[in-house]
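Q: Sharing the record's features from Swiss-Prot:
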- S108: phosphoserine (MOD_RES)
- S108: active site, phosphoserine intermediate (ACT_SITE)
- S108, D247, D249, D251: Mg(2+) binding site (BINDING)
Amino acid sequence: MKKKYFGTDGIRGKVGDFPITPDFFLRLGYAVGKVLLASDRQLAADKRPTVLIGKDTRISGYMLESALEAGFSAAGVDVLLSGPLPTPAVAYLVRALRIQAGAVISASHNPFDDNGIKFFSSAGSKLPDSMELQIEAELDQPMKTTPSIKLGRVQRLRDAAGRYIEFCKSTFPNQLDLRGLRIVVDCANGADYHIAGHVMHELGADVITTHASPDGFNINYECGATHIETLQGSILQHKADIGIAVDGDGDRVLMVSREGVLYDGDSLAYIIAKHRQQLGELQGGVAGTLMTNLAVEQAFERLGIPFARANVGDRYVSELLQQNDWYLGAENSGHIICRDKHTTGDGIISALQVLYALRDTGLTLADFMRDVPFFPQRLINVKVSGNFDFRSNPAVAACKNEAEQALGNDGRILLRASGTEPLIRVMVEGKVLQQTDYWAEKIAETIRQQAASSMTGS
């Protein structure tokens, strides 16, 4: 059954436009609460379920948080409020506190005027499709506030950030530290603003923290993992050894070398996997996505490490890991899942696993990646309006087929609709940069023209 509200990463949209409104979040909190009450058989009859609500630093988070907590309370569910906190911190605390669910109000890497919400189960993992469908069914039912004696209580969780900082540090080996390492940490003016730099500092690094002054409007603005050029400039300015950039909700990470070279999620997962293989600690294979560079897949093959591709989206990477009983997966955008360390993608913990590899071996990022000659890969995001279906458009199909014939076996083409924004993503990969750029531009322009024609009816 197709879902009405939930996409690949929860619910997301423009603040003030349905469904990112206080009214909807009130009803959503109530609906989730009713599903929790009906499904949790382990609670005693006189106990209420508890939900932890976290958020990033968007100005709209306060408004939506208030509506959501009211909905939970009306359903008879207790609420803990953490304040601004990274998405993976909420996933961790749900497990650590042994409560029934977590909610994160965030639009991740999107601009400040977007927002959204994602939920975590008591196991700290994304909700299954079946539960999201139950929630959507409950949303169609009228609200009926529980009797006053059964209303949920709301309180603030003290030291949520401190608990999470200690958890992050626990994933780094006790026998190593980061002394002598100068690190620039770009916090994207997001949920990691009061956490990421502290983790690195407490492990001994000389830390320069940038974009750690959120004002409600500057999240992801020309900073963080979506604007890596800012970190590249900071690295050179501060003569740092390495740079770390997270996104607005802290679930993805990119890294930059002292020379200013970018290392994406593909590269970082390869470094972690190669190091674990050297230690004899790699369990199973590695999960990537349809976007993973072909050179990385070939490099894993040379190392004898099994590799498989999931659809784009960290929930699909996580599902593939669980199916194969593997423990490491990544997207090139920087979502990296180390299942032996955490249940979800975590920017800080992923960066620590890379730093572990560097400190343990004495190698640099470049040293680890020397045997991976990346294929040129061009990604173009094409904005579209309405419900343009590129899959059934003959002109788009013809252009794609022409490109595939030109690239042959040395290239890949991927067209997909974004699950969170009105975009069609065009990815072309090949051995020759000029040819890769040419076909990416041509396919993107064909989509633009066909989408415009479909809107005008011509």
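From the backbone N, Cα and C atoms, a Cβ is placed for every residue, glycine too.
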Q: To test your reading of the Mg(2+) site: which residues beyond S108, D247, D249, D251, same chain only, put their Cβ within 8 Å of the Cβ centroid of those residues?
A: D56, P86, T87, S106, H109, G190, A191, V246, G248, G250, R252, G347
Q: Using Cβ atoms only, which residues of the same chain lie under 8 Å from the residue listed as 'phosphoserine' while being at least 6 residues apart in sequence?
A: D9, R12, D56, T87, G116, D247, G248, D249, D251, R252, T420
Q: Let's check the environment of D251 (Mg(2+) binding site): how many other CB atoms sit within 10 Å of its CB?
A: 32
Q: Need the DSSP three-state call for S108 (phosphoserine) to compare against my parser.
A: coil
Q: Which number gives the other C-beta atoms within 10 angstroms of the C-beta of D249 (Mg(2+) binding site), all protein chains shown included?
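A: Its Cβ shell of radius 10 Å holds 34 other Cβ atoms.
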Q: Note down the number of other Cβ atoms within 10 Å of the Cβ of D247 (Mg(2+) binding site), including every protein chain shown.
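A: Around D247 (Mg(2+) binding site), other Cβ atoms within 10 Å: 32.
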